[in-house]
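Visitor: So that we are looking at the same thing, I have put the structure below in structure tokens.
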Amino acid sequence: MTINVGVLGARGRMGATVVNAVEGASDLKLVAALDAGDDFAALADAQVVVDFTHPDAVMGNLEYLVEHDIHAVVGTTGFSDSRLADLRALLEPKPSLGVLIAPNFALGAVLAMRFAAQAAKFYASAEIIELHHNRKADAPSGTAAHTARMIAAARAEAGVAPGPDATTSELDGARGATVEEVRVHSVRLPGLVAHEEILFGGEGETLTIRHDSLDRTSFMPGVLLGVREVLKRPGLTVGLENVLDL
Ligand SMILES: NC(=O)C1=CN([C@@H]2O[C@H](COP(=O)(O)OP(=O)(O)OC[C@H]3O[C@@H](n4cnc5c(N)ncnc54)[C@H](OP(=O)(O)O)[C@@H]3O)[C@@H](O)[C@H]2O)C=CC1
Ligand SMILES: O=C(O)C1=N[C@H](C(=O)O)C[C@H](O)C1
């Protein structure tokens, strides 16, 4: 069976890569490639829409897709707990509709997050450094925020409190942002694509888990898997780890 796919953000860095990937997949048919300002009526034939747009635009896009009974695969970042709650409420009257949101579609990034969650119960002290290209709109990255939440959940489950930190005096921002008691440091430089280091410190040792996306094609197997899987997964799924059954 061929799946009709639409892409939102199609002229952007990720959207353009998704358009190429969909066009290269024999079981998928690109039926619409839209960007800011385009008429969404062109999505009428789409069964699944992939959204790589902007944190400020994505909720409005999802409202349109849910209203028009179109499944969604979302890579756009900016999903707070309250946004996820709003989305669950939006989906309630549409029980057969699927929305998959993944802060990172690269297999290695998903594995790095999972390994970090495994390590978290053994190391009370953890910090994250995420490094991206300097055209990225949001900081910290969605991946880093998701990683911090996974570390916090693993700590809570294991009854591990965050490790000691003697900092009492700091220049604003010197210790990074705090996401669920995990420090997150954001680097923006031309030349970078998407990179994350999760650092753990213990008695006389450190552990560093690092993932590098060197090209945006790294996200495509995950996006295409999401397009195929979302049709079978009604409701809201957050994180590709759930689709990969990790
Ligand atoms: N989950 C993952 O694996 C990944 C997620 N991302 C995330 O994806 C998002 C996009 O990243 P990237 O491709 O680098 O960004 P870009 O700025 O290159 O592309 C975004 C595109 O979306 C367009 N756009 C904005 N609003 C709308 C709208 N309402 N409808 C349709 N199109 C719209 C923009 O148009 P205009 O420029 O005219 O505003 C632009 O062409 C970011 O949130 C990023 O963090 C990125 C990589 C991987
Ligand atoms: O903007 C990007 O480029 C990326 N955004 C996502 C994020 O914020 O985590 C995923 C990946 O890191 C690339």
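Backbone N, Cα and C define each Cβ position, glycine as well.
The feature domain 'Dihydrodipicolinate reductase N-terminal' is assigned by TrEMBL to 3-105. The annotation NAD(+) binding site is assigned in TrEMBL to Gly9, Ala10, Arg11, Gly12, Arg13, Met14, Asp35, Gly75, Thr76, Thr77, Ala102, Pro103, Asn104, Phe105. The domain 'Dihydrodipicolinate reductase C-terminal' annotation in TrEMBL covers 108-244. If you look up TrEMBL, you'll see His132 marked as active site, proton donor/acceptor. Feature annotation from TrEMBL assigns (S)-2,3,4,5-tetrahydrodipicolinate binding site to His133, Gly142, Thr143. Look at TrEMBL and you will find Lys136 tagged as active site, proton donor.
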Visitor: Can you check how the pLDDT averages out over the domain 'Dihydrodipicolinate reductase C-terminal' (108-244)?
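Guide: Computed over the domain 'Dihydrodipicolinate reductase C-terminal' (108-244), the mean pLDDT is 97 on the 0 to 100 scale.
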Visitor: Quick check: which same-chain residues outside His133, Gly142, Thr143 lie with their CB within 8 A of the centre of the (S)-2,3,4,5-tetrahydrodipicolinate site CB atoms?
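Guide: Not counting the recorded site residues, we get Thr77, Pro103, Asn104, Glu130, His132, Lys136, Asp138, Ser141, Ala144, Ala194, Glu196.
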Visitor: Please list residues from the chain of Arg13 (NAD(+) binding site) whose Cβ is under 8 angstroms from its Cβ, counting only those at least six apart in sequence.
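Guide: Non-local contacts for Arg13 (NAD(+) binding site): Arg135, Arg216.
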Visitor: Return the residue, from the listed binding-site residues Gly9, Gly142, with the maximum count of other C-beta atoms within 10 angstroms of its C-beta.
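Guide: Answer by Cβ density within 10 Å: Gly9.
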Visitor: For the binding-site residues Thr76, Asn104, His133, which residues place their CB under 6 A from an atom of ligand 1?
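Guide: Among the binding-site residues listed, those whose Cβ sits under 6 Å from ligand 1 are Thr76, Asn104.
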Visitor: Give the three-state DSSP assignment (helix, strand or coil) for Thr143 ((S)-2,3,4,5-tetrahydrodipicolinate binding site).
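Guide: It is helical.
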